[in-house]
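Worksheet: one structure, shown below.
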Amino acid sequence: MDPEGSRIQDDPDVKVMMAGSTLRKVKSRSWKKQRHFRLLEDGLTIWYKSRWAGKCHSTFSVSELETVREGHQSEVLLSIAEEFPADLCFTLVFHGRQGNLDLVAESPEEARAWIQGVRKLIHKAQTMDEKERLDQWVWDWFQKADKNKDGKMNFKEVRKLLKMMNVDMNEEHAFYLFTMADKSESGSLEIEEFVHFYKILTQRDEVWKVFQDYSGDGERLMLEELENFLRIEQHEGEQIAQHAQELIDRYEPSETAKKQSAMSLDGFQKYLCSQEGSIFKPEHRGLYQDMSQPLSHYFISSSHNTYLLENQLRGQSSLEAYIQALKRGCRCVEVDSWDGSDGEPVVYHGHTLTSKILFRDIISTLKEYAFKASDFPVILSLENHCGVEQQTVMAQHLSQILGDTLLTTLLDGQIPQQLPSPQELKGKILLKAKKIGGLENCLDETLTDEVSDEEEMANGDAESPSAEDPPAEGLNNKKSKSKLSRELSDLVLYCKSVHFHGFEYSRVHSKCYEMSSFSESKAKRLAKEAGRDFVQYNTRQLSRIYPSGLRTDSSNYNPQDMWIVGCQIVALNFQTAGLEMDLNDGLFRQNGSCGYVLKPDFMRDGNTQFSPEKPEERQGHRPLRLSIQVLSGQQLPKVNQKEGSIVDPLVRVEIYGVPQDQAKEETSHINNNGFNPVWNETLNFVIHTPELALVRFVVEDYDKASRNDFIGQFTLPFTCIQAGYRHIHLLSKDGTAIPPSSVFVNISISELT
């Protein structure tokens, strides 16, 4: 059995890759080294090593690649453009946060073959269905374990393989399975026999039990029996008969069963492991929300110091960081601009050792990548430290490079009473910066071009004790004034940065297009002291929250603390993986991953009385009970690569929402089984504000002596959960898929009575 079939290996470009090529791996202008690259026989693994180094080699899988860029399409290759022509150069781009691989071939033909070959292999990997993917997975394991490469596996190799696969099994049981699979009685397994061995190994008793409960003859589910299962266990309402038939057509492998409108155990398991059997409601994956409401009615996926790939003090500033954030669906990016030495503004983290990039290069990158993941508007948050001359240069770059992608005129020529909607602003980039005067007096030429300095510092943590106090008289006179370039100011329309003077002041004086930035600590304080006011304020105006200046390691704060008071632009360090980015990815996984999520109705009404501290006081408050029976885990990845180490997994469910809803519960741990652990434990929660809750499932490797190791996680909004028997497909720390790792659960959601 070869899951790839003979087709792809016969392709002329793929043949060149399998024969191998010497390519230069380029890390910088001075680091360019020759490496030997080739595609292995599985048609999936790319192997490379230095020509001189002894045994050391590296490999990566085509499934880790997202795309290939040809020519000088990375900062590194652009820096050596004079040395190597574009037709020799290409860049392999990985999923998640893994760095790119910049390569230079020896001839244009060879570059072409690698570019086209890798593209075909990526396409092949992306279009595999679940069965092919599983076959590929099994095939990969077979290749790994067949140490002497004779296409067969003896019992000793199988024992080793079980350890590699995270299975701890006693010798007798393993040998019993081995002899059952060794149909030819040759004392070793060929690939087909190994597939059979794998099937016996992965038989799922817990799925079989559910199947038995509904199957009359224990062999198959007739149409009516499947309908009963969907109604009773999966809590489905309308058009059940039609859905049951669709599931049989889609997932049943046996033609005989299909003809009888029945489903075998194989088909049943396939359905449960599919997207439809996953915990995430399929109808919430695509764009399903009303996109015609004012911008202030949405949560907006937002990044802080977008130019950094690492930490805030000495990290690399990089265009790749913008590309990665935009690809993740980010809709608000940040640029810190400073005067450059030759009249060209540069972007970096001021007064630190982070490297510098040209402002105009960022704008070109924005133009190219802004709308690849989503059509909805991108807000460019400008932190401007430039003098007037270079501000004007920035205005010219914005206008010339972005052209009509940049919004430069009011939508209908009217002064807005409320912000425009994402729908109306599709395909547009909006500039957020300071502005001379307001939209009302755009025509007034007599305005002074001075604005008070650095609204971010002014909104920092050293603000007057109570949020409602207007600044003391005379305070404003001391603040330094900075000059604004009229050209730059004119490009600011719906996102004018202003100093925050308190909720009372805003209610009376503020315009809907005026927005303030708050440090995380200031926002947290306001949320605690005046939560209801903050929610009301955020129905009409945008708020941007940014991490504390003390987070020099680029760590993040919990964004949920800001979302529950309705803040829209909650900026996180996208480059830093962990809980906070899991929550961000989780919230924005719905609605077509377009970067905009409509707030619940009680956070869009200007007279709302909702306060996150007292959720029970709002009208229509209906708490729900969430009960999660954690049944089993499947093929969890190994945490520790040491030979013979096997994980002791536990599952924790964490709820993030209004303070009353914050909760964590976990199962006990299972010793030495990452392959098919069974827990059968139920975790219960009460959720007061389901519309704002996020649910995070975490699997960890239990360690009694030190901190548990992270194995995988999946986070989603409570409102996107499908009840019933569901699989949770785990993601790595980086947020990328790790098939076929999953957790099988049974979920019920009921009214709290």
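Glycine residues also receive a Cβ, built from the backbone N, Cα and C atoms like all the rest.
Residue environment of Ser184 (O-linked glycosylation site) contains 11 other Cβ atoms, counted within 10 Å of its Cβ in all protein chains. What TrEMBL records for Ser184 is O-linked glycosylation site.
Just so you know, the Cβ of His304 (active site) picks up 26 other Cβ atoms within 10 Å once every protein chain is counted. Taken from TrEMBL, the feature active site covers His304 (among others).
Under the heading active site, TrEMBL lists His349 (among others).
The compositional bias 'Acidic residues' annotation in TrEMBL covers 447-458.
The annotation region 'Disordered' is assigned in TrEMBL to 447-481.
Per TrEMBL, the feature domain 'PI-PLC Y-box' maps to 488-604.
According to TrEMBL, the feature Ca(2+) 4 binding site maps to Ile646, Asp648, Asn672. Neighbour density for Ile646 (Ca(2+) 4 binding site): within 10 A of its CB lie 23 other CB atoms from the protein chains shown.
Taken from TrEMBL, the feature Ca(2+) 5 binding site covers Asp701, Tyr702, Asp703. Counted within 10 Å of its Cβ, the other Cβ atoms near Tyr702 (Ca(2+) 5 binding site) come to 15, all protein chains included.
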Cα-Cα distance linking Ser184 (O-linked glycosylation site) and Asp701 (Ca(2+) 5 binding site), given in Å to the nearest integer: 39
Candidates His304, Asp648, Asn672, Tyr702 (recorded positions) - the one closest to Ser184 (O-linked glycosylation site) by CA: Asn672
Rounded Cα separation (Å) that holds between Ile646 (Ca(2+) 4 binding site) and Tyr702 (Ca(2+) 5 binding site): 11
Top Cα neighbour of Asp648 (Ca(2+) 4 binding site) in the set of recorded positions His304, His349, Tyr702, Asp703: Tyr702
Shell list (Ca(2+) 4; ref centroid = CB of Ile646, Asp648, Asn672; cutoff 8 A): Asn166, Asp168, Ser645, Val647, Pro649, Ile670, Asn671, Asn673, Gly674
Averaged pLDDT score, the domain 'PI-PLC Y-box' (488-604): 96
Between Asn672 (Ca(2+) 4 binding site) and Asp703 (Ca(2+) 5 binding site): CA-CA distance (Å): 12
Proximal residue to Asn672 (Ca(2+) 4 binding site) among recorded positions His304, His349, Tyr702 (C-alpha distance): Tyr702
Composition by DSSP (helix, strand, coil) of residues within the domain 'PI-PLC Y-box' (488-604): 50 helix, 23 strand, 44 coil
